[in-house]
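The ATP binding site feature in TrEMBL is assigned to Phe89, Gly90, Ser91, Asp102, Ile103, Asp104, Asp159, Lys220, Tyr229, Gly238, Val239. Annotation source TrEMBL lists Mg(2+) 1 binding site at Asp102, Asp104. Annotation comment: TrEMBL describes Asp102, Asp104, Asp159 as Mg(2+) 2 binding site. Per TrEMBL, the feature domain 'Poly(A) polymerase nucleotidyltransferase' maps to 10-206. For 211-356, the entry in TrEMBL reads domain 'Poly(A) polymerase central'. Taken from TrEMBL, the feature domain 'Poly(A) polymerase RNA-binding' applies to 358-536.
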Amino acid sequence: MDGQVRERWGITEPVSKLMPDEKDLEVHRQLIEELKRQNNFESQEATDRRVKVLNLFQKVTEDFVRIVGKAKGLSQSAIDSAGGKIFTFGSYRLGVYGPGSDIDTLVVAPRHVTFKDFFEHFPPCLEKHSKPGDIEELTPVPDAHVPIIKIEYCGISIDLIFAALPSASIKLSLELTEKNILRGLDETMMRSVNGTRVTDELLQLIPQAKTFRHATRAIKLWAQRRGIYGNVFGFPGGVAWAMMVARICQLYPYACGATIAVKFFSIYAEWPWPRPVLLKVVEDGALGLKVWNPQIYRGDKQHLMPIITPAFPSMCATHNVTHSTKSVIMKELERGKSIASLIYTGKKSWHDLFERHTFFTKDYKYYLSIISASRTKEEQNMWSGWVQSRLRLLVKGIDESDSGVEVAHPYYKAIERFHRCKTQAEKDRVLSGSVEFVVKEEDKSADEREPAKTADGDSANDAESITIYTNTHYIGLKLREEGAKKLDISFPVSDFKRLVTSSTSYDEDKNAIRVVHTRSYDLPLDLFEEGEVRPVRVKRVKAKPVKRSFADTGIDVRTILRKAPVHLPT
């Protein structure tokens, strides 16, 4: 700022310019200690491994671009100058990553490279540059909203996306901050590029990076522990939570991280949604690109908790939030506010704020289990990724139907299981949610090898053992207390199944999908951590019913789906 003190960040004046006092600093020290106890910071050695892997991916990118250029008959001079560059975004770029965090990575290539080239040539090129065993998992998801290759590389998760700019070469000096780099990009390419643009601009709009990072770590940990994390499930993702924290940093520019975290809850628990969270004034549309504007666009007006990205063209980072997930978020913000207000007095601690959710132990009596299944791990990675990307539409469908469900709350991650069965009946039990044939983690190594194939494509050991990989998503259901004349979610469930099975990701000979009603006392034991207790069935004394039981309402979708069962192929 050339010696000048900046007076304003964001769209309004600060609420307070006070510096932290000794009490603030003590509470902040307590926060950092708790974050360390929660293993929120990564070791320098682990961070160095990330840098090494990213350097390798840069080399692979340059080689990949050369290979595509050669395949398309470009001149040698054009191939030599084509270049290519990777950018990071998300939690890694923001500096709020921890052990196990993935690295969101963008591959930028010149105009002669296409999405088809990316999916066809990048994986073998990466394999060429890798040692045996470095690539632990590689799953292309070309049908995703932002096409992606999900990679496990040397113990590091990498979400790799792609964009080609309308230029003959991509130099290492390229930056993505200028608007003009968007010129000529289609909508998919623009979404790919925007991740890096958003995180870079966000970092320019905060008063103190260190304060922002400490507060964001706290809020991300809280959101994950409370199960309200992930854009794909209808909750704010990491960058959306970070933008919400950034706005509080703008309002309290000299506060410490603990103060920002406490103010976060007091402000957002009372936020007048759908008023948007903005870090800067939304720039007007240019280059023919759509900019978030609820006064013009009907879809934008329907956003329930709009958090708007600062980089042009501004978009809503929380467009997936549903009525159900909003109610869950607001409940958790209110809980956070009540605890945070007592941390300063010593009546509560940061550990209390980060207490694990009670999604399975207390919150609901009834659940939907959405079970996707395949015979091999590779097939299941692709199939389950597609099912997960559409899950929010099932929640939205239940919200918008006259089903008698007040809240449909999706769990924020899938539960992966590996099963070994011997009969068709056992396979059907697995698809109905049974975990009695799950192979324990320590026994997986031999079972996860691909079974030998016979001439007709069947597994040679089918008669002895049938392997099934499943991913199960759970949706907690809260029924309306009054006024529901019927409780029937058969339509949104069948609509969801039609949607996922109509994709090119679905092969009826390889994949299966089942939606099953599960009561709390029937939940699998592997969902509960040490010290947690699964709900037990309570025998009730017969009395005049206040409302119909769940099983009598038509909401038990297991019965509905049996009209058209989906069998996992043998």
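Residue 1 is the first one shown; counting continues down the chain.
Keep in mind that glycine also has a Cβ here, set from the backbone N, Cα and C atoms.
Just so it is clear, the model here is predicted, and its values are computed rather than measured.
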For Tyr229 (ATP binding site), the number of other Cβ atoms found within 10 Å of its own Cβ: 21
Tally of residues which DSSP labels helix, strand or coil - the domain 'Poly(A) polymerase central' (211-356): 73 helix, 4 strand, 69 coil
Arithmetic mean of per-residue pLDDT over the domain 'Poly(A) polymerase central' (211-356): 96
Check: same-chain CB within 8 A of Mg(2+) 2 site center, minus Asp102, Asp104, Asp159: Gly90, Tyr92, Ile103, Thr105, Ser157, Ile158, Leu160
Greatest C-beta neighbour count within 10 angstroms, which of the binding-site residues Asp102, Asp104, Asp159: Asp104
Integer Cα-Cα distance in angstrom, Asp104 (Mg(2+) 1 binding site) to Val239 (ATP binding site): 11
Protein Cβ atoms within 10 Å of Val239 (ATP binding site), excluding its own: 25
Chain-internal residues, separated by at least six, CB under 8 A from Phe89 (ATP binding site): Asp104, Thr105, Leu106, Gly195, Thr196, Val198, Thr199, Asp200, Val239
C-beta crowding around Ser91 (ATP binding site), within 10 angstroms: 23
Residues near Ile103 (ATP binding site) in space but at least six apart in sequence (CB under 8 A): Arg50, Val53, Leu54, Thr88, Gly90, Tyr92, Tyr97, Ile156, Ser157, Ile158, Asp159
Between Asp102 (Mg(2+) 1 binding site) and Tyr229 (ATP binding site): CA-CA distance (Å): 14
Pairwise C-alpha maximum, in angstrom, for the residues (Phe89, Gly90, Ser91, Asp102, Ile103, Asp104, Asp159, Lys220, Tyr229, Gly238, Val239) that bind ATP according to the record: 19
